[in-house]
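Here is the structure we will look at, set down as structure tokens.
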Amino acid sequence: MSRSKRDNNFYSVEIADSTFTVLKRYQNLKPIGSGAQGIVCAAYDAILERNVAIKKLSRPFQNQTHAKRAYRELVLMKCVNHKNIIGLLNVFTPQKSLEEFQDVYIVMELMDANLCQVIQMELDHERMSYLLYQMLCGIKHLHSAGIIHRDLKPSNIVVKSDCTLKILDFGLARTAGTSFMMTPYVVTRYYRAPEVILGMGYKENVDLWSVGCIMGEMVCLKILFPGRDYIDQWNKVIEQLGTPCPEFMKKLQPTVRTYVENRPKYAGYSFEKLFPDVLFPADSEHNKLKASQARDLLSKMLVIDASKRISVDEALQHPYINVWYDPSEAEAPPPKIPDKQLDEREHTIEEWKELIYKEVMDLEERTKNGVIRGQPSPLGAAVINGSQHPVSSPSVNDMSSMSTDPTLASD
């Protein structure tokens, strides 16, 4: 594309102290969220004739960590296609060459609210169970591609008014290790598993801890472990769940183990005390969903020792969840990710910049006619339509009572 022709395809608008330079097809931009990764706007896509969300990545080439995360997000969004993972509609840059390249814009489906807003609604069992089921389906799909999230939280899970849920991002790269230190929070880490905050090894069920924290928040209407830093968070975990057994301590690094073993010992509380019946909605007559089932699921997810924690497959088969089970959702074919060493890659900022530029150019070429070509199904088209679920009451899959603005929050 020639320089003058490319210039004519874009226009600029000031959004939340940032300049958005976007394709002319995107109109009526309105800010709806911001965070560590960038600013998000709602917009109308005149080609697709639908509302979308546009995220401008925040300083993607500021350092190697930012650049690696931007590359990882682009590659994974291009490959992953599941109804419970946010759909990629377009990627573009207003710059005309690699030398000028500095801005990346990602266009995604626009949702109605994030889970932070939904949690405050005092959900009934059907809604809570259905939201958790979709969360688990999305997580299982990521796991099938070798993607372990490690950073699930309500702000990065979004819903439609019909109760459709989607996971927004792909979490922490595996090489982004965290040490057990009194590091100030840059993003919310209340939902990260003990093995992450203690700098241990981990496996797929690291994400089930996060789901347990989110479910607990749905029940209690408050954050379970709101630590000021990792040490304070660990203290809050053991105060409620109890000090782990000596076998767990043996798995810790020596310096971490010394600290953990020197903490006061706590017996913890029973899950009946942590989550009493009074906190739960009335038992569901339609699907026979009960507080006792929900509490049992919580007790299997909120387990400090990951070797004793439930897996995503086991969670999907739990009585509180499996009323929704549909193989087309829970057993969808795994995405094919061409770069098998995605999380292990290490490059200079300039090398990352070139890799990201190539991805953006490839995606621009594939979206010339409005939508991404080469996807298993047209992302963004009929994204809400799923299989029939075993519930007929419109109140179960209808959250139209939500009085929230459209959102697609970043962390």
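Glycine is treated like the rest: Cβ placed from N, Cα and C.
Keep in mind it's a predicted model, so treat the numbers as computed, not measured.
Swiss-Prot lists 26-321 with the feature domain 'Protein kinase', giving sequence analysis as the kind of evidence.
Other C-beta atoms found within 10 angstroms of the C-beta of Ile32 (ATP binding site) number 21, with every protein chain shown included. If you look up Swiss-Prot, you'll see Ile32, Gly33, Ser34, Gly35, Ala36, Gln37, Gly38, Ile39, Val40, Lys55 marked as ATP binding site.
Look at Swiss-Prot and you will find Cys116 tagged as S-nitrosocysteine.
According to DSSP, Asp151 (active site, proton acceptor) sits in a coil region rather than a helix or strand. Residues annotated as active site, proton acceptor in Swiss-Prot, with sequence analysis given as evidence: Asp151.
What Swiss-Prot records for Thr183 is phosphothreonine, and it gives similarity to another entry as the kind of evidence.
Positions annotated as phosphotyrosine by Swiss-Prot: Tyr185.
Taken from Swiss-Prot, the feature region 'Disordered' applies to 368-411.
Annotation comment: Swiss-Prot describes Ser377 as phosphoserine.
Annotation comment: Swiss-Prot describes 390-403 as compositional bias 'Low complexity'.
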Neighbour tally for Cys116 (S-nitrosocysteine), based on other Cβ positions within 10 Å of its Cβ: 18
Fewest-neighbour residue among binding-site residues, criterion Cβ within 10 Å, set Ser34, Val40: Ser34
Helix, strand or coil at Gly38 (ATP binding site) [DSSP, three-state]: strand
